[in-house]
Every structure is written in structure tokens, then in C-alpha cells.
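According to Swiss-Prot, the protein carries these features:
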- 105-119: compositional bias 'Polar residues' (COMPBIAS)
- Asn165: N-linked glycosylation site (CARBOHYD)
- Asn312: N-linked glycosylation site (CARBOHYD)
- 94-119: region 'Disordered' (REGION)
- 1-18: signal peptide (SIGNAL)
Amino acid sequence: MKFVLFAQLAAVAAPAIAIDLAVQAGQHVMYSYPGLTPPESLYKLTSEGKVGGLIIFKENVNSNLPAIMDKFQALYKASPAYNGHPMIITTDQEGGNVRRVPGGPSQSARQIGDSSTPMQAASQAGRDAAAALKAQKINGNLAPVLDIYREEGNFIDEFGRSFGNNTEIVTSCGSAFAISQSRSGVLSTVKHFPGLGAAKKGENTDLVPIKIDLSLDEIRTFDEVPYRTAIRNGVDLIMTSWAVYPSLDAKYPAGLSRKWTTDELRTRLGYKGVIITDAIEAGSLKSFGNDGQRGVLAAKAGVDILLASGRNATQGEAIVNEIVAALKKGTLSMTEFQESSKRIQALQSRLSA
């Protein structure tokens, strides 16, 4: 009789454990959706506590966006995931041609870096970005870019996304933008660690695998310089690159590489904050399984937030399911994952409720 009762209790308890894991895993996944109207499935996942955040694209933006964001926040607040702090909602508002919502910054990073008063312009750009995002009820920006371009018109310079071609201007402008933006109430993300400044024109990690064959010494004494300052300044998030850097890891792109993410960024550079991937569906990752498998690899590497930006709610859900399965099997460390969850909660606490 005791065995039967125990079996019945176990059968009841098992789903609760699964739900708890799904909620925990969900806080590590940032979802996206197509068009102007979110699908009901995404609202449902949010109410179940399986959505940790959103990324907004230009196709999602009209006059109804603030009300939609309020609805997501209300569902999140009523969900089992709520920890007293808001859901993180982000977009890419770098400036110039790279703006997802109406408003500033009107100048590109390159225009700011080339101006007569670059630090002042960068500070104003950070404030302008924050104002534009807050008007849409968005509380995080996947900007500024800290890549230091090597050639005029290369991948990162083509649309003016880099502040310049030397460590001084990128460090000073990137820091000014990030600090003023964060002080204005919007989370700042610096990207793309350890640097995409050497990528040639057309070498877009969103589309194809890219290898950046620089010496480790050059990366550490040049490309990483702006990140060291950002870390000292307490930057909110760091986004990793999807390029491969053979000088430290010839197999995995930086965002899937424990050598780059944990050993270099966390241990060597001392970063204790939140790390976020670039788009998990990127073409550069085609050799690393489906989106869920990539999410597990990134989590194993030490990344905290997985960016499911394919405009499909099922993409984020698939990543959550793979994370849960890996935690159950023990192929993803529960201890490390819980530490990662604490970092995300600490980040959320920086946002006003």
C-alpha cells in the first residue's frame, strides 16, 4: 500500500518538477514574433512563465506597441516566473540606419565618432536611444557596438555601426553611450565580443559561417580593449559574436565556445554580468544542430540569455524544451544554470518595476 501511495505521489509530483524547470529555462530565452499582432500562443507561454523576454523588430512597431508591451508585462507579472521585476524587452536601436522604433539616435556610430565632440555626441545618443525605447515600453537596447573596424566599408563599417578604427574612440564613445543610456533607465548591451571589426564586407554571421583569423595577442590588446572598460563600468549585458576565432577556439563560434565565453570573458576579463547570444538562428551556426541544440551549447559555454529572433514563438519554446531535457539528463550543469538564473534576476532588478 505504501508503494502504491508513493507511486501515486510521484506521478503527481513529476509534472510540477517539469513545470518548474520549464519556467526556469524560459527565463533564459528571449522570444520574437512576426508582424504587428503577437500570436495567442506567445501570450499563453508568457502567462505560463516560459518567456523570459522579447526582442522587437521594425515589423512589430506601430502605435499599438506600447499597449502590447504593457499586456506582456501584466501577463509576466501574474505568471509563476515573476520575481518582483519586469520582463526584459529589447530591440536594436544603434542609431543612423539601424533603428527599429521611431526616434533617435539620428546619427550612426561612425558619424558620432567622426564628429568634433564625439564623447558628448555619444552621451546624447545614449539618452536619445533610451527616450525612444521608453516611449515604446522597451527597457533594453542591444547597443552600442564596440567593434573596431579595420577597413573602410567592411561588414561593420558599411552601415556606420562602428564608432571608429582605433581603441580610443570606440572605448570612449561606447562607454559614453552605454553609461548615459543605462542612467536613463534602459539596459545597455555591448557587442559583439570579442569583436567583429576585422570581418570583411559581406562576411555577415547572420548568413554564413565566418572565421576571423587574428592572433590572440591582437584580439586581447586591440579588440577587447573597449570591453575591459565596459566591464569596469558595470555594463548591463555583453553580446557574443558568432564568428570563429581560431587563435583560442578553432571549432566553436565565440557564443558557443566555453573558451571564449567562460575562460576569456568571465575568468580572464572578470565579467560577472549577463551574457546574451546573437540570433540563435544565424546562418553561421548551420553546423551546430537545430535552434534548441544551439541553445544548449550556448548555455553550456556560459551564456545566460538565448536570443530566439526568428519571429516565431515555437522557436523559443523549442529552445526551452531542449534546455529542460539537458538539465534532466545532466548534460547541462544544474549548478551553473542556477548561477546563470541569478545573474538574470540581478539584471532585472536594475529595471524599475
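Cβ atoms here come from the backbone N, Cα and C positions, even for glycine.
Taking CA atoms as the reference points, Asn312 (N-linked glycosylation site) and Asn165 (N-linked glycosylation site) are 37 Å apart. A simple way to gauge crowding: the CB of Asn165 (N-linked glycosylation site) has 17 other CB atoms within 10 angstroms, across all the protein chains here. Mapped onto three states, the DSSP output places Asn165 (N-linked glycosylation site) in coil.
Each residue of the region 'Disordered' (94-119) gets a DSSP state, and the totals for helix, strand and coil are 8 helix, 4 strand, 14 coil. In the three-state DSSP classification, Asn312 (N-linked glycosylation site) falls within coil. The number of other CB atoms found within 10 A of the CB of Asn312 (N-linked glycosylation site), across every protein chain shown, is 19.
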